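Written out below as structure tokens is the structure these notes cover.
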Amino acid sequence: MLPSRKGLLTWLGRRRWINWIPSTTYLLLLFYIPIAMLMYYSFWRYLKLFRFEPALTLENYLRFFTSPIYTRVLLNTIFIVGVAMALLLIVGFPIAYFIARYVRSSADRIILLMLIPVEINYLIRIFAWRTILGENGILNSFLVAVGVIEKPLPIFFYNWFAIVIVTMHEWLPYVVIPLYISLRSIPRSLYEAAHDLGASRLQTFLKITLPLCKPGILTAIFIVFIPALGEFAIPALVGGKSGYMIGNMIENQLLAAGNWPLATAASVILLATSLIIVGIMVKILGMEALYR
Amino acid sequence: MSVRKNWSIAKLLLGGYTASVVSLLIYLPIFLLILFSFHAKAFFSFPFAGFSLRWYMAMFEEEFLFRSLGNSLIIASIVTAAAMVLGLPAAFTFASLRGRKKDVFIMFMAVPFVIPWLLIGVASLIFYITVGMELSFLTVVLSHLTYSIPVVVIIVGSRLLTYNIRLNEAAMDLGADQLQVFRKIMLPQIFPAVAAAALITFIWSFDNFIITYFTIGSDLTFPIWVWSSIRYPKKLPIVNAVSAIIVIVGSLIIYLLHRKGLLEEII
């Protein structure tokens, strides 16, 4: 009489098609079809401002990859996000290590303390960095005060490195959390064993901590890299000329230049780049990484 | 003995490092934002020219500001409610599937969540214009839902996976019917996950810029108002004052929810 585990979950789930039909239909209609449409437009032919005709041409992709400007924008995007990602891992790792090793009992509170501010009011926080990096900002005032430079320099803002800084501000907690979860699961006895066997700090770090932290590092890359690739508000607000990213190019082609075929082709290229990254991650970490 | 002493030095160093990085990289811009919302002058630069509440007063003359805030609250509420209605049942489906079917289902659900949201914005814009839908609140809500449903399915579904089904069996042994089991045993246990999913959905929708930007047409949400005001030196201090209020109120709300134990699922 007693329903089995499977039976009960089936009662709640699979047998009831009404549970999954609405959400999957929704995504099909309002996500997958629009994405398919986006791909379709990328093969159309551009005539003039907001005018294009149906076609099956690769000329938009050719134009993207043969133009030194667009390929540079793509490489520039990957470079900026890559630098931000590397710095995030380097800066975030000691924090995660500190939380996992010394203050685990208050880990929730520390992480929340990092998380709350970055969840609120994204645009204005981007702009607030001008107070620090701008020509009359704190950094310049400080450097002038200590005598490193003579007068304020306009070099810290409106360039690609400002994007790196703001991206780090935006994503630091999301790098620390997976690293912390990985580090937390390393049993302390392993460190003790390494110490007993005469391993140095560096050896322990390279042979135990780092390899066991791999899932955390990969998850962090997964969480940060992809949204950062498609960012367009940060570069538009703080990036200046050297911080022109593919998101800006897509927005510009779509809304201002009126070249949907080129904008959608660039979108498909961005989509492909992201899906390749997701694919690699899923391959390494397994599908569970998506929901664990 | 010496090992222990070394560790405590390491602890101090790492603790100091953590405190400085978090305060410089995360809190400094927010602190400055709040500080300059009280600035007597219209620009964000040093030296600080004295305190004033003028920007908080000027806020009340911004008609579009209050309209946009209201719109954002309405949109975020509708998105949250609809994401629950559509996503919760699918979370049960997710937890009940096994093997390959589960992989396919989660892949289908997760794609909108794992691609850059810029693409959701671009694809939505193209889709609505092609099928002839006018861009408005409705299109914003429809597009926000494409990533919100997966958020609910993933957060609640992961919680259901670790749910101990024997509790249900025990309750049924003791004579509870299925509705009672759901209401008295299951719901209290999955409630934190549901609350966390709702909170995230709400905040992300309220704060969403990138998808809204492409799908809003001529309507306004709060982030869109900020976007259009932020580059006018005259408006910037007002944007700043509003943001200071939102940062403080928002942080308080999240902190209170944390105190109530509703956020355990997120971390």
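Quick reminder: no glycine exception, Cβ is built from N, Cα and C everywhere.
Within the chain carrying the transmembrane segment (B:12-38), a Cβ under 8 angstroms from the stretch's Cβ atoms is held by residues 44, 48, 51-53, 55-56, 237, 240-241, 243-244, 247-248, all 6 or more beyond its ends. If you look up TrEMBL, you'll see B:12-38 (among others) marked as transmembrane segment.
What TrEMBL records for B:69-257 is domain 'ABC transmembrane type-1'.
Marked as transmembrane segment by TrEMBL: B:73-97 (among others). Beyond the ends of the transmembrane segment (B:73-97), by six or more residues, the same chain brings 105-106, 109, 137, 140-141, 144-145, 148-153, 156-157, 160-161, 163, 194, 197-198, 201-203, 205-206, 221 to within a C-beta distance below 8 angstroms of the stretch.
Marked as transmembrane segment by TrEMBL: B:104-129 (among others).
Away from its own ends, the transmembrane segment (B:135-156) comes close to residues 71, 74-75, 78-80, 82-84, 86-88, 90-91, 94, 106, 109-113, 117, 120-121, 124-125, 128-129, 190, 193-194, 196-198, 200-201, 204-205, 208, 211-212, 214-219, 221, 265 of its chain (Cβ-Cβ under 8 Å, at least six residues beyond either end). Per TrEMBL, transmembrane segment is recorded for B:135-156 (among others).
Residues or ranges marked as transmembrane segment in TrEMBL: B:190-216 (among others).
Among residues of the same chain six or more beyond the transmembrane segment (B:236-257), those with a C-beta under 8 A of the stretch's C-beta atoms are 30, 33-34, 36-37, 39, 42, 44, 55-56, 58-59, 62, 65, 195, 199, 203, 226, 229-230, 263. The transmembrane segment annotation in TrEMBL covers B:236-257 (among others).
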